[in-house]
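Student: Right, I'll just put the structure down here and ask away after.
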């Protein structure tokens, strides 16, 4: 290590062999702040080299410095976790409910992509560009639950896409009502989540619990932290969620009625200026909202990798006869909407609190 170089924080990944787990591996393999030293998965995978334990289906090969790492059980007392300070969780919700508290009790900071604890009143549900102050709930969580670690969550993928675009609108004009129709990529369900015969030549107008997550999480994210609790935002929100035959990239049609009234050009201006973390030099951070002027953008294949997959791409901002405005938003669902969201939360936390 060269003189003046900061020592990296050792991190681990739970659920490392799955779709989101693989994205975590990609993002952390050569990270300037974090050193990936522990990969945990099921008992079936434990003991195998990572390259043998997972069916890798990302757009780039398994990182050279990771592929021969040995997968370990999801056990916070395992020796590989001894020096790990931060753990990223890509576990399914039921397993997250069981294992994440065990890691918190061992003093680990859990940055979780799982839904298990998102709506607990003492658990921060965070998009750092939107509500970084909610991280103050960590101290309340520690006191209430009696552990030295903490669970910090990021929202559902489709929620992130919508809320990042709604935040600058709410701050300037207020929100009265929001309607969202989603067209969500199959990668959001995992590699085996949607059978090919079900999605090819088809659209599935139902994703279990997705609409409820969007509606409840949005109000918490855009709520106000007061006296140690989050007061939910006060506007009406409705979502209708669909699975479509796209590999990566959630697209959303968003309709917004504001309290003050707003024109499309005004919405475009506040979105374009929205860049609250630009001075922090966070490695994973990108400009949150990128505006496209073309009449047929954004599109998943063309726009999902904007900002290395961390930017929300917005287009077709126009007047609406029922609401005030409507627009189309696109995110890379497994990067900005999942692993990238957790990593950005961790980067922000380290920058501000460590």
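Even glycines carry a Cβ here, placed using N, Cα and C.
Since we're looking at a predicted model, the values are computed, not measured.
Just lifted these from Swiss-Prot, have a look:
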- 157: active site, acyl-thioester intermediate (ACT_SITE)
- 250: active site, proton acceptor (ACT_SITE)
- 17, 18, 19, 20, 42, 43, 44, 45, 187, 188, 333, 334: NADP(+) binding site (BINDING)
- 118, 213: phosphate binding site (BINDING)
- 184, 210, 243: substrate binding site (BINDING)
Student: Could you check which of the binding-site residues (17, 19, 42) sits closest to residue 184 (substrate binding site), going Cα to Cα?
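Tutor: Closest by Cα distance to residue 184 (substrate binding site) among the binding-site residues 17, 19, 42: 19.
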Student: Residue 157 (active site, acyl-thioester intermediate) to residue 333 (NADP(+) binding site): how many Å between their Cα atoms?
Tutor: 6
Student: Using a 10 Å cut-off on Cβ-Cβ distances across all protein chains shown, tell me which of the binding-site residues (42, 333) has the largest neighbour count.
Tutor: 333
Student: Rounded to the nearest Å, what's the C-alpha distance separating residue 250 (active site, proton acceptor) and residue 17 (NADP(+) binding site)? Just drop the number here, would you?
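Tutor: With the alpha carbons as reference points, the distance is 22 Å.
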Student: Roughly how many angstrom lie between the C-alpha atoms of residue 213 (phosphate binding site) and residue 42 (NADP(+) binding site)?
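Tutor: Residue 213 (phosphate binding site) and residue 42 (NADP(+) binding site) have their Cα atoms 27 Å apart.
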Student: Return the residues near residue 17 (NADP(+) binding site), defined as same-chain residues 6+ apart in sequence whose C-beta is under 8 angstroms from its C-beta, sorted by sequence, else 'none'.
Tutor: 41, 42, 45, 50, 53, 54, 55, 71
Student: How far is it from residue 19 (NADP(+) binding site) to residue 243 (substrate binding site), counting Cα to Cα, in Å?
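Tutor: If we compare the Cα positions of residue 19 (NADP(+) binding site) and residue 243 (substrate binding site), the gap is 17 Å.
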Student: Give the sequence-ordered list of residues that share a chain with residue 118 (phosphate binding site), lie 6 or more positions from it, and have CB atoms under 8 Å from its CB.
Tutor: 125, 153, 155, 156, 213, 217, 220
Student: Quick one: give me the count of other CB atoms within 10 A of the CB of residue 213 (phosphate binding site).
Tutor: 21
Student: Compute the C-alpha separation of residue 243 (substrate binding site) from residue 44 (NADP(+) binding site), stating it in Å without decimals.
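Tutor: Here the two Cα atoms lie 30 Å apart.
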Student: Would you identify which of the recorded positions 44, 243, 250 has the most other C-beta atoms lying within 10 angstroms of its C-beta?
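Tutor: Top count of Cβ atoms within 10 Å goes to 250.
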Student: Return only the integer: C-alpha distance in Å from residue 44 (NADP(+) binding site) to residue 210 (substrate binding site).
Tutor: 29
Student: Tell me the coarse DSSP state (helix, strand, coil) of residue 184 (substrate binding site).
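Tutor: Where residue 184 (substrate binding site) sits, the three-state DSSP reduction gives strand.
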Student: Widest Cα span across the substrate binders 184, 210, 243, in Å?
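Tutor: Taking every pair of listed residues, the largest Cα separation comes to 11 Å.
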